[in-house]
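Novice: One structure, as structure tokens, below. Some questions next.
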Amino acid sequence: MHLRLISCFFIILNFMEYIGSQNASRGRRQRRMHPNVSQGCQGGCATCSDYNGCLSCKPRLFFVLERIGMKQIGVCLSSCPSGYYGTRYPDINKCTKCKVDCDTCFNKNFCTKCKSGFYLHLGKCLDSCPEGLEANNHTMECVSIVHCEASEWSPWSPCMKKGKTCGFKRGTETRVRDILQHPSAKGNLCPPTSETRTCIVQRKKCSKGERGKKGRERKRKKLNKEERKETSSSSDSKGLESSIETPDQQENKERQQQQKRRARDKQQKSVSVSTVH
């Protein structure tokens, strides 16, 4: 019984030594393949170096080289950072830097957002937009030029003058239209949205309600004018009446004139008598 236990113990011990030797040989092979490889990799690294960081990544992670001064460090990320695009290969998932003028990209030849000062057009970053397109400084993209669009004209309005449809022969009529699409910076300007033309209609008398305030005002002015005219006529007639003398006034006037003549004659006689003496 004791012999069996001792033999089992030695068998287990030999098996553990065998596993340890296998792990050691695997580590020596990895060190030969990747010099300076650290066995304590972190941050998603499958293999790594104390000097260069990650050398390979765990499945589904992307490998990217980050420059720190003159040194490049390998990093494993779940997605590529801004300015890089990801490509999956059978043995590695890799992040590759976009072009110099591109901020974010889908692949090497298709940019989705340009850096400041460039305009995006069909996946490329341009200094200026091609002919037939214009730059949108808000989205920093080359967009189509938009021209103004207007609706059809409305029917002509009724012939009117000073807001009324009666009391005149010559007036004006108007028609309008709406702007359906406003133009972009380089688009054609919008046309006028209203037109007015002269119209001639058969004169018709305004009803009391149609005369309105202006009609009442004209009527009031007419009445005031007639009243002033009547006042002027009455004052003229009074002046004329005052210039005509009544028979009594004429008789008194003649009597006064006779008295004046008698007094004059009497004075002349007295002067002649004094001269004779």
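Cβ from N, Cα, C; glycine included.
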Novice: Among the residues Asn23, Asn36, which does Swiss-Prot list with the feature N-linked glycosylation site?
Specialist: Asn36
Novice: Mind checking which of Cys105, Cys125 has the disulfide with Cys114 in Swiss-Prot?
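Specialist: Among Cys105, Cys125, the cysteine that Swiss-Prot links to Cys114 by a disulfide bond is Cys125.
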Novice: From the candidates Cys105, Cys111, select the one that Swiss-Prot records as forming a disulfide bond with Cys98.
Specialist: Cys105
Novice: Check each residue in the chain of Cys105 (disulfide bond) that is at least six apart in sequence and keep those whose C-beta is under 8 Å from its C-beta; list them in sequence order.
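Specialist: Sequence-distant Cβ neighbours: Tyr85, Cys98, Lys99, Cys111, Thr112.
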